[in-house]
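Asks: Quick paste of what TrEMBL says about this protein:
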{"type": "BINDING", "residues": "74-78, TYR86, 118-122, THR144, SER150, TYR247, LYS262", "note": "substrate binding site"}
{"type": "BINDING", "residues": "GLN143, THR144, GLY145", "note": "hydrogencarbonate binding site"}
{"type": "SITE", "residues": "TYR86", "note": "site 'Important for catalysis'"}
{"type": "SITE", "residues": "TYR247", "note": "site 'Important for catalysis'"}
Amino acid sequence: MKAKFDWKPVKEYQEILFQKFDSIARISINRPHVHNAFTPLTVKEMIDAMNICRDDSDVRVIILTGEGGNAFCSGGDQSVRGHGGYVGTDTVPRLNVLDLQRIIRTIPKPVIASVAGWAIGGGHVLHVVCDLTIAAENARFGQTGPKVGSFDGGFGASYLARIVGQKKAREIWYLCDQYDAKDALDMGLVNKVVPLDMLEETTVDWARKIIAKSPLAIRMLKSSFNAELDGQAGIQELAGNATLLYYLSDEAKEGKNAFLEKRAPDWSKYPKFP
Ligand code: S0N
């Protein structure tokens, strides 16, 4: 499918595309011959691109998607699944998609999954951990773990259950059925369904609506939504943002300045709120 926006490449990779346009980053799995199944290298490249997005202050929203129009992602590439994990060229078995899930969850910018076609297995979990999901009418969702000898008991189970409810999440995992875009919308698994030829435009439109909002407010909201569910790690994320805001205050700067000037800090001039 031809892109509708003038996406510019940020960095060349082997198994993903990483592009940018108007403060929106686009990370797209580029393995359409296997419905965008991921290998350890795909995941490594996505993590690298995510880290670049984190440090690039011009990137405000990240779109996660897959090339070809027939699949977002079909999960781990079963042809490289070995004894103890997915095996890359270094012959080490790993499940590094868990690292990617945590980055999507904690990166202080919204990540929008733009789903055309299959979002299956570990590919389904990837859209689940994104902040928002826009689905094309041809999208199909589901887990396959118990059918192919695996399961994701992390975000793939517990966060899924927070989204669709315990009964539905158990149904999704125990039966391994597939759900169309309307089913997904009905169960709150996706935010919006659009015709396939409107997917890119709608995703960019949602990204632009977010970009028009206060960046710090959006950042605080993302960590606030995570905090309740993510235990001490969630509190750490929210507290890190509180510290960031505190660093910006004159009161915090007085503490640092007093230390450097070898004097006692004077807290008297800073406002105290009820
Ligand atoms: C997506 C499906 C339903 C599409 O069916 P369809 O349209 O009939 O197409 P196919 O002919 O089946 O596929 C086209 C070509 O693509 C290859 N292919 C598709 N998916 C994969 C894949 N995952 N790995 C490797 N190849 C794949 C097909 O083989 C075919 O190739 P050719 O043309 O050469 O025959 C259907 O394709 C399907 O069911 N795919 C498999 C889905 C699946 O089971 N995925 C793996 C699920 N597990 C994970 O993702 C594990 C990773 C994970 O996230 C995880 C995380 C934390 C803890 C645990 C786990 C874990 O689950 O282990």
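The backbone N, Cα and C atoms fix where each Cβ goes, glycine too.
Bear in mind that TrEMBL entries carry predicted annotations, made automatically and left uncurated.
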Asks: Please check each of the recorded positions TYR86, GLN143, TYR247, LYS262 and report the ones with a CB atom less than 6 Å from an atom of ligand 1, ordered along the sequence.
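Replies: None, as no Cβ falls under 6 Å.
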Asks: Check the Cα distances from GLN78 (substrate binding site) to each of the recorded positions TYR86, GLN143, THR144, TYR247 and keep only the ones within 10 Å.
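Replies: Candidates kept after distance check: TYR86.
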Asks: Out of GLY76, ILE120, GLY122, SER150, TYR247, LYS262, give those recorded positions positioned within 10 angstroms of THR144 (hydrogencarbonate binding site), comparing C-alpha atoms, in sequence order.
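Replies: Within 10 Å Cα-Cα: ILE120, GLY122, SER150.
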Asks: Excluding near sequence neighbours, so keeping only residues 6 or more apart in the same chain, what lies with its CB under 8 A of GLN143 (hydrogencarbonate binding site)?
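Replies: Listed in sequence order: ILE120, GLY121, HIS124, VAL125, ASP152, GLY156, ILE172, TRP173, CYS176.
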Asks: Name the one residue among TYR86, GLY145, TYR247 whose Cα is closest in three-dimensional space to that of TRP118 (substrate binding site); these are the recorded positions.
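Replies: Going through TYR86, GLY145, TYR247 one by one, the closest to TRP118 (substrate binding site) is GLY145.
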Asks: By the DSSP assignment reduced to helix, strand and coil, which category contains SER150 (substrate binding site)?
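Replies: Going by the DSSP assignment, SER150 (substrate binding site) belongs to neither helix nor strand, so it counts as coil.
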Asks: Where TYR86 (site 'Important for catalysis') and TYR247 (site 'Important for catalysis') are concerned, what is their Cα separation in Å, rounded?
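Replies: Per the Cα atoms, TYR86 (site 'Important for catalysis') and TYR247 (site 'Important for catalysis') stand 42 Å apart.
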Asks: Just name the most isolated of the binding-site residues GLY76, GLY145, going by other Cβ atoms within 10 Å of its Cβ.
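Replies: If we count Cβ atoms within 10 Å for the binding-site residues GLY76, GLY145, the smallest count is at GLY145.
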Asks: Fewest other Cβ atoms within 10 Å: which of the recorded positions TYR86, TRP118, TYR247 wins that one? Let me know.
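Replies: Fewest other Cβ atoms within 10 Å, among the recorded positions TYR86, TRP118, TYR247, is found for TYR247.
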